[in-house]
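According to TrEMBL, the protein has these features:
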- 540-690: domain 'STAS' (DOMAIN)
- 577-598: region 'Disordered' (REGION)
- 69-93: transmembrane segment (TRANSMEM)
- 188-212: transmembrane segment (TRANSMEM)
- 262-281: transmembrane segment (TRANSMEM)
- 293-313: transmembrane segment (TRANSMEM)
- 350-369: transmembrane segment (TRANSMEM)
- 381-405: transmembrane segment (TRANSMEM)
- 417-435: transmembrane segment (TRANSMEM)
- 479-504: transmembrane segment (TRANSMEM)
Amino acid sequence: MEAAPESPQQGRGLVLVRRQPPAQKGPLERLKARLWRSCTCSVPRAWALVQSLVPATCWLREYRPREDLAGDVMSGLVIGIILVPQAIAYSLLAGLQPIYSLYTSFFANLIYFLMGTSRHVNVGIFSLLCLMVGQVVDRELQLAGFDPSQDGLGPQGNSSILNSSTTSLVLGPPGCGRDCHAIRVATALTLVAGIYQVLMGVLRLGFVSTYLSQPLLDGFAMGASVTILTSQLRHMLGVRVPRHQGPGMVISTWLSLLRSLAQANLCDVATSAVCLAVLLAAKELSDRCRHRLKVPLPTELLVIVVATLVSHFGQLHRRFGSSVAGDIPTGFVAPQAPDPRLMQRVALDAVSLALVGSAFSISLAEMFARSHGYSVRANQELLAVGCCNVLPAFFHCFATSAALSKSLVKTATGCRTQLSSVVSAAVVLLVLLVLAPLFWDLQRSVLACIIVVSLRGALRKVRGLPRLWRLSPADALVWVATAATCVLVTTEAGLLAGVLLSLLSLAGRTQRPRAALLARIGDSAFYEDATEFEGLVPQPGVQVFRFAGPLYYANKDFFLRSLYSLTGLDAGRSAATRRERGSEMGAGEGEPVDGKDLGSMTSRARLVPMVTGFHTVVIDCAPLLFLDVAGMATLKDLRRDYWALGVTLLLACCNPSVRDSLKRGGFLSEDQGPEDEQLFPSVHSAVEAARARRGELVVPDSAL
């Protein structure tokens, strides 16, 4: 270790001894060492890599069947029972056949079981992603010459007849009808989004998702929920309206619904009213009795079973024209690689899909990890969710991510590990192999009601907006702008608007931070804002200035304006005026060069307090996070201007980063005096030093 140079205060206080920093390797040497470690292969390194990429290989060896198995089996069964009706219902949002939703739920549960780091998150069908997938599918179907208002559900859903009134721009393989082309678009979109997420995980970009703030995600969920609700009204009313695309889709859909109310199917309307009443009542009952109920009520499954029986024996489709699910085949189809041409077309759409899925998955994983006392790895979560999209895309699946509602159910039913996902996948597999054809007579209005009721939690977020406004108007503005843009324009535009506003809000908070003059708290060594607290004691001849933010190119002018306004002295203008007068007189008034003309300094120091009321400015640098080149230049110019006016500039409470920047920038050069005469460990020590210097130069300290 190397001792710091001696100072006059060494005998009266503690002495800091700086450690000798270790020798740093050059960038080329570090790169060679990293490449050598990466290229070195051994059995322990290979096994460590497998354990890192497949966390199940670690925790399965420590699995405790007696303590964990019962909870995992129970939660897996409950999630599987909830997952089947939701998967069939969410196929309405994606514009795909229900069988593909079941495929997606099956593969996503198995892959996340192997690769996920969260014990409680459920990865599968998510309403917001289904909506985003459905919007892309509708657009591509319309470009391909199909009628996007004809859903993939229903007895006529498998028709491969092209709309003769529309020119086909993107033709699929021969014999590929509407549903075939829809799943081709969805798998291409899913594969590209998954590749983006895997690349983010490989490049260690898990932190990117943290820039999607919670108000942004809540506003996006609210706006997307309104869009989802609007898209399902036509199924609940049993009317056939065009599926609008692009900006203003929600408003256009509402106008079309109002014009088509006279053609509403009374059977679908009555079914929707009954299902909504039952589902909402059951949800309210579950919420009020959730502490008494060990297992949530499988309301969706019961409603689907009863509605299917009523529709089958009442022949609602044949007698009243009610839309039904139609044929849901059993088993799996042969895997197929997504079309590269479609992947190019949807590459831009996949960006927002990948970001939304990543943000929700990471935030939910971290939330459950904090509440249950374990840790997750954000980059591994990106890899896991990305693989849940990449691999299933070859098996006719579409985009997935973590879902809050099902994750909460997993926690409430005693889930201990991701083994519960295997049980859920087994339930879905049973439906895929045996039970799927039983849902032929299920009305689409029932599925739409299940989707609408699942949005209840997201729509309730609007109740927290007043509280958010009281806490942070900037965050509330991000919430409102994101939700409004999602509803009035598109969901992708809402996400983009939310990200931009969040960044602008962050920049605004650093561009115009709070600035204040500090005064002493009684006889203590602490200082606070004189305008915020009463009874503080201002220090004669010393102005203590606090700037609660970094000093960089975007706020340097605001820093100077705040300082000049609070102290009542525009140092830049006054110093320039004095220099002009000095040049006219030809004498320069004996201005110091490099701070060494102490005689001139003494003469000016006698006069300046009479004009400005202070002789020293102390800047409290505790909130100063960092300095850039522009901030450094601002401090240098400020010290020069103050020196010309006979005012001393001192800095206090600088953190190591700011102190190193000051050294590298030349602010603490030797011609300005020793470092301990420019930087002080506390505001009080700087004030005392300023008063001591003033007493030595002009009058005794007691006279100040």
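Each Cβ is built from the backbone N, Cα and C atoms, and glycine gets one as well.
Whatever TrEMBL says is automated annotation, not expert-curated.
The stretch with the most CB contacts under 8 Å to the transmembrane segment (417-435), chosen from 69-93, 188-212, 262-281, 293-313, 479-504, is 69-93. Sequence-distant contacts of the transmembrane segment (293-313), counting only residues of its own chain at least 6 positions beyond either end whose CB sits under 8 Å from a CB of the stretch, comprise 74, 78, 81-82, 84-86, 88-89, 271, 275, 278-279, 282-283, 285-286, 322, 324, 409, 412-414, 438-443, 446, 449-450. Panel annotation: around the transmembrane segment (350-369), residues 116-121, 123, 126, 128-129, 132-133, 189, 192-194, 196-197, 200, 206, 208-210, 212, 214, 217, 220, 375-376, 378, 381-382, 385, 389, 399-402, 404, 407, 411, 491-492, 495-496 of the same chain, lying at least six beyond its termini, place a Cβ under 8 Å from a Cβ of the stretch. Proximity of distant same-chain residues to the transmembrane segment (381-405), defined by a Cβ-Cβ separation under 8 Å and at least 6 residues beyond the stretch ends, is recorded for 53, 94, 96, 100-101, 103-104, 107-108, 111-112, 115-118, 121-127, 129-130, 132-133, 183, 186-191, 193-202, 205-206, 209, 332-333, 335-338, 353, 356-358, 360-362, 364-365, 454, 457.
Summarising model confidence by region, the domain 'STAS' (540-690) averages a pLDDT of 80.
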